[in-house]
């Protein structure tokens, strides 16, 4: 058996250490970008909500199919703010795995909850502070134990990950569930059950993240001198990203206009993050090679963040700005299904 010389062993160790340092630096960049993204997105929720309220006062609300918000400047300010946040989030996925970036979206809930308290009169009770602390603690645990992801060498390699049977099954199921919610459930139950609109955003969102991550890696490799523009898969991933983002935007507007922001944010976060982590684990095998203790720590961190969102949700007051005639024609037994709006059934 060939023997490794001391010099060779030293060089190999240095290379391994250097590689580990590079991966840590990449995770750090991704974390900082994700935090910045959460701040912008949290602010955008509030600005867009104010724009939707103004548009609803002047015409048909987005929740019942109106598109008057497209003429409202404040809504566009919120859109630009969200775009900045999404760009930062997009770049974060170039450097860090989805299992690290996605849970940090919880910080946007803290931002939106605090701002909603002061600007939308959606009061945050004292116990809500505990929810904020839980979100921060959970996010910190996730950052400290996040896997160090190695960037694929080409879009073609990502394509092979996307067409593996396990991920194809997930993608097919996600599309089927989304179509069922959009075609059957949304017209019938969208105004009564928050899970319909938010469910569409979350399921489609998990596919959005996978395609955006592929496009981000393609851009990163191209900048580094490994051209990925010639691959048709690059353009296919880009087309899927745009289509999914448009669907998310439409149904997120419906959810925000119909239900309390304090309810939309945590439920959307919980569903979206869970599905995104699942999709990423299937496609990119984020947890492959990690020890059981690290995986357990990440799961505990995510559950802590999830607990924080539940506390924030449970301590918020109902939105008083929605028109009361939206509910007057509903029979009592249907009224129980409007709990997503924060009202207490009698």
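Here the Cβ of each residue, glycine as well, is placed from N, Cα and C on the backbone.
All TrEMBL annotations are machine predictions without curation.
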Any idea which of 7-26, 127-146 is down as transmembrane segment in TrEMBL?
127-146
The annotated transmembrane segment range in TrEMBL, which must be one of 194-219, 298-323:
194-219
Outside the transmembrane segment (67-84), six or more residues from its ends: residues with CB under 8 Å to it:
40-41, 43-52, 54-56, 58-60, 253, 257
So are the transmembrane segment (231-251) and the transmembrane segment (90-115) touching or not, going by 3+ C-beta pairs under 8 A with a sequence gap of 6 or more?
no
Which residues, given as numbers and ranges, are at least 6 beyond the ends of the transmembrane segment (30-47) yet have a Cβ under 8 Å from it?
74-75, 77-79, 81-82, 84-86, 88-89, 91-97, 100-101, 104-112, 115-116, 119-120, 143, 146, 256, 261, 264-265
Considering only Cβ pairs under 8 Å, which range in 90-115, 127-146, 194-219, 263-283 makes the most contacts with the transmembrane segment (158-182)?
194-219
